[in-house]
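S.K.: This is the structure I want to talk about, given as structure tokens.
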Amino acid sequence: MRLERSRMALWDTYLPDAMYLRPMRTNPTYSVCDRAILLDFLPLEAKEMVMIDADLMHSGAHQAAARRITALIVDPEVGLASPLVERLVDEGLHVCLADSAEAAERHLREREISFAVVELVLDDGDGVEIVEAIANSNPGCRTLVHSRFCNLSNAVSAIKAGASDVLPKPTETDFLVALLLDNAGVEPRFLSSFPAPNSVRQEHIRDVYMACGANVARAARQLSMHRRTLQRLLKRSPML
């Protein structure tokens, strides 16, 4: 209750001229984007107290969120209005944001994490160490590394530390969320919209074949396969 009163006092202190935003302080139904606009009115020290989580602004919502599956996003580039946050909230997850290693470690001490998305490079720490900390404190957590600094060495280190997958930035939000929630008891609404791997493979073969002027030998070299293998695929597949 003391924390809640402190947060309410911040509204009265920093938002005297923004009366039309006042209802947001006690109404949990406002969108993440609305609350992001609201937080622009606050100085840094006020944001740190008010922005406890991405999808709640008062203690009642905090108690309800504690009973929901939690996703932690450790990435200074991801804010409240991020499409990734909006999508995870739409899927029914409770989303926590951390823009630093220190903030991530605080979340890990305070709650159980079921899903995590981690950037490798942080101002005050190493994303691989955060991945390892998540794996140690939440062994069942599914963690994705989503970073601009993906290379083979970093990917191997992240997987050894406990990451489930490693994706380079930028990655489409739909694909990222579908991969994050895959095989974890949560069925993404949009997973069915992704093409089957075999159809993607056939489309790639067809594109290369046509780009080579329907020359089987040249296309086979481009695809790094034997000419006869490509001939069999072209003969058997109706798509090709």
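Every residue gets a Cβ built from N, Cα and C, even glycine.
TrEMBL lists these features:
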- 70-184: domain 'Response regulatory' (DOMAIN)
S.K.: Any idea what the model's mean pLDDT is for the domain 'Response regulatory' (70-184)?
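M.R.: Averaged over the domain 'Response regulatory' (70-184), the predicted model reaches a pLDDT of 91.
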S.K.: Treating G and I as helix alongside H, and B as strand alongside E, what does DSSP give for the domain 'Response regulatory' (70-184) in helix, strand and coil?
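M.R.: Breakdown, helix to coil: 48 helix, 28 strand, 39 coil.
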